[in-house]
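To start, the structure under review is shown below, and the notes come after it.
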Amino acid sequence: MKSSNAMKVNRMFAVSFEPRCTSCRPPHDGSTTTSTCSFPRISEGFRFLYILTFSCFQIRSLKKEDIDMAAPGHNGDSYEEALAALSSLSMKRSHADNSDKGDRFEILFDYLKILDLEEDDMSKMNVIHLAGTKGKGSTCAFTESILRNYGFRTGLLTSPHLIDVRERFRLDGYVDISEEKFLVYFWWCYNRLKERTHEEIPMPTYFRFLTSLAFKIFAAEKVDVAILEVGLGGKLDSTNSVQKPVVCGVSSLGYDHMEILGDTLDKIAGEKAGIFKLGVPAITVPQPDEAMCVLEEKASQLNVPPNLIIELYRHLIGGKIGQKLGLDGEHQYLNAGLAVSLASTWLQQVGKLEVPSLTQTSILPEKFIKGLATASLQGRGQVVPDQFIESRTSEDLVFYLDGAHTPESMEVCAKWFSSAVKRDNQSESSEHLVNVSSGSSHDQFSGEENCQQILLFNCMSVRDPNMLLPHLRNICANYGVHFKKAFFVPNMSVYHKVGTAADLPENDPQVDLSWQWTLQKVWESLFHSERGREDNGESSGNSEVFTSLPMAIKWLRDSVRESGSATHFQVLVTGSLHLVGDVLRLIRK
């Protein structure tokens with residue numbers, strides 16, 4: 001595995017465009033006049049400028065009566081019924097298999113046809129398509145926020161959801177699609193597919209259905225732009241049924257889903273590069289040499305010449321107004337840089353807007369800055385105090401949530417957590433000193449010595465904990481952050497129907513904890529190695545396996561009460577986005 005020092009410079013793959021009509025949303029003033037757009041020179045070798053005529057269009061939104069007429073087999077209005085129907089779909093998540101009629105990639109186009117989604121409907125969504133191993137969800141959130149601040153109606157598809165399946169579909173940024181609107185679109189699509197699928201074209205799998213549902217929602221809601229995060233890989237992912245995106249992107253690549261995508265970076269990069277299309281710009285962040293070579297080769301095959309782009313630096317957003325990114329962590333500046341490039345390319349080609357040339361010394365346009373500063377995405381560098389515990393201050397029990405689950409993302413997570421707790425502790429200490437000097441507080445000093453860092457961890461059994469836990473512990477230790485305890489728990493979500501938030505019993509005697517014992521053993525081996533002890537298989541007291549997540553949360557809350565708020569607990573939740581979502585269910589009102 002290559003280090004960051006072995007990475008190449010950030011590149012953009014720019015390509016010439018064939019003149020053709022591209023549809024866009026009607027002008028905001030309600031007029032129906034066509035407009036023209038000049039394509040900028042996006043590569044030094046370009047010697048031409050295209051003028052494209054954009055035709056206006058309308059897509060009728062589905063209404064309740066449309067469902068009743070189009071889907072006579074509708075099974076009810078309750079959200080629970082919809083989730084039960086969704087849960088009935090196959091959860092298979094693997095490469096498309098042309099030897100299996102129901103698993104071949106081409107069947108995706110049959111689903112779109114059944115749902116009345118023609119090629120023109122797909123192109124009118126003006127798609128931004130993003131693949132990658134790390135940071136693709138954050139990059140999509142940044143990109144969506146920028147374009148929304150320019151006044152465009154946005155649709156955002158991300159995965160996985162943390163608490164509710166509706167999180168995957170975001171319209172105009174901040175709000176997940178409403179339950180009522182979700183039910184309208186869900187039952188229309190589900191029943192249409194139920195009625196028209198058969199042995200040759202069976203019902204789609206869970207992931208394929210959700211992607212098709214997203215396309216129907218975005219088309220019917222007349223979004224100006226749909227930002228699509230690839231679910232798995234790229235080449236054979238269900239989102240790759242989009243044939244004519246406006247621009248594609250690749251975030252940082254690393255080792256993940258190797259049982260499906262391949263066990264080397266060049267194989268993984270080949271799958272990710274599968275979203276590249278002839279005549280479509282493709283943008284990437286810096287990649288390890290072997291990955292970059294594959295991306296360049298794929299781009300070359302599609303006649304996409306490379307061109308340098310500018311990496312985003314802190315001062316480009318901080319500049320004049322002291323803003324910071326909406327998503328926390330130094331690593332987010334790389335994701336934000338990719339988002340700036342994606343949004344700039346989209347604005348130039350579809351938005352008909354002139355975007356100032358971005359250099360390392362210039363300040364970003366105000367709408368870019370606001371977009372980057374207000375972007376949001378759950379479970380990525382998120383800090384949430386426990387909202388249910390009764391204590392004197394909100395700092396008594398704070399959860400630091402990040403869904404890192406690869407060696408590379410675990411390193412980023414460790415750096416973020418270490419800097420976040422130090423920043424928060426210093427801020428709290430400064431506030432305490434101000435209160436003491438003003439005579440408003442006589443409480444015990446609450447600095448770093450009164451804070452305990454706790455690890456709450458789980459990961460999928462296909463991952464190697466020896467590549468995750470030592471990385472996490474050692475990097476945190478290098479920053480002076482040491483975990484007082486580590487807790488290993490099973491995810492709650494594996495017991496749930498899709499998208500529900502039903503409570504679990506605090507202790508399930510039937511749960512299989514063999515994987516959690518394995519995780520604990522890896523962690524304990526680090527503990528014994530540090531102290532030069534022989535591992536005799538006995539617990540050192542530095543870690544514990546809980547039979548359920550609610551039991552672990554209860555232990556933390558009881559510990560806060562017993563300490564009388566004299567000790568603050570800072571809990572890092574990582575290893576799985578599903579675990580992050582489960583924790584959010586329990587600590588947030």
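We number each residue from 1, going along the chain as drawn.
Even glycines carry a Cβ here, placed using N, Cα and C.
These figures come from a predicted structure and were not determined experimentally.
Among the features that TrEMBL reports, Mg(2+) binding site is placed at Ser159, Glu229, His257. Spatially close to Glu229 (Mg(2+) binding site) yet at least six residues away along the chain are Leu130, Lys136, Gly137, Cys140, Leu157, Thr158, Ser159, Thr239, judged by Cβ distances under 8 angstroms.
Taking the Cβ of Asp402 (ATP binding site) as reference, residues of its chain lying under 8 Å away and at least six apart in sequence are, in sequence order, Gly379, Arg380, Gly381, Gln382, Cys413, Trp416, Phe417, Leu572, Val573, Thr574, Val580. If you look up TrEMBL, you'll see Arg380, Asp402 marked as ATP binding site.
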One finds that other Cβ atoms within 10 Å of the Cβ of Arg380 (ATP binding site) number exactly 25
